[in-house]
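Engineer: Grabbed the feature section from TrEMBL, which reads as follows:
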type     : residues : note
CARBOHYD : Arg148   : N-linked glycosylation site
SITE     : Arg148   : site 'Required for activity'
SITE     : Arg155   : site 'Required for activity'
Amino acid sequence: MAAPTPLLKDELDIVIPTIRNLDFLEMWRPFFQPYHLIIVQDGDPSKTIKVPEGFDYELYNRNDINRILGPKASCISFKDSACRCFGYMVSKKKYIYTIDDDCFVATNPSGQKINALEQHIKNILCPSTPYFFNTLYEPFREGADFVRGYPFSLREGVPTAVSHGLWLNIPDYDAPTQLVKPLERNTRYVDAILTIPKGTLFPMCGMNLAFDRDLIGPAMYFGLMGDGQPIGRYDDMWAGWCCKVICDHLGLGIKTGLPYIYHSKASNPFVNLRKEYKGIFWQEDIIPFFQSLVLPNEATTVQKCYIVLAKQVKEKLSKVDPYFDKLADAMVTWIEAWDELNPAGASQANGKA
């Protein structure tokens, strides 16, 4: 019997940022091999990254980024996994799945290997329900539904823009939490998918994440991090806050929960503390900024929303630190570069107001 065709085989790219050989792909071969990979090599571009045989991939290093974007390459981070967003920009597919190279295949409580990519695709192809919380969580899963009292007018849901997966083993903790709980491991497998309610922000982790590039791609900018920047490890957080306020404005949904991957390696908490130190303080201003942000009705596309957001960042957050002035400029540069590489995307990425 012929194997079933993998879901969205020709409509999805897998984006992987890395500084090392991608031996971890061997484990993912049964799930990833049918798909096209975009590998964004960080660090020294003269280093050769080895990719296991049989994968269909394109690889970009810093020289390629500079060549393709010219002066606009300044908006892509260096020596930080935030460089992955370059892969989102050059992709020509409707969907993106991004994963870190220290993420392995997890097993569910029955001992079966979890096809994380397949679950993300199911999440994204099902509507979200951001306007009214369903106490049985994801109503579109087998064996679940909308509960009594759920308004029928809201049961169609809205398009899902982002699927945010979780991690077994090493949890995604900040440095202070890592330092006080160095041996903590996540062994709890929670069999649930939730839509994050409208008006609620969340910490988005970029190591097991899928999204609809047409619906939200231009907002998936991972900021200015790493080399030459005063902050790191807030790249995915920044993208998550931007995406959430834009999804809320455009009537799109974000899900979190399944699928799990196995996060194999804890990063050094002392190095992390140095990267996060300023962010831990700045966050106390950044979060209220996003909570109070109102996008105008004229902002009908992701790009328009993002440009308004960049202006607001410049106006309101540059008093926190001059870094935000630079970040706001980079946000505008990112959108210009996105539209240059995706001329059709300028009309596609409009969501539903």
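Backbone N, Cα and C define each Cβ position, glycine as well.
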Engineer: Considering the recorded positions Arg148, Arg155, which residue's Cβ sits among the greatest number of other Cβ atoms within 10 Å?
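Structural biologist: Output for this query is Arg155.
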Engineer: Can you tell me how far the Cα of Arg155 (site 'Required for activity') sits from the Cα of Arg148 (N-linked glycosylation site), in Å?
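Structural biologist: Their Cα atoms are separated by 12 Å.
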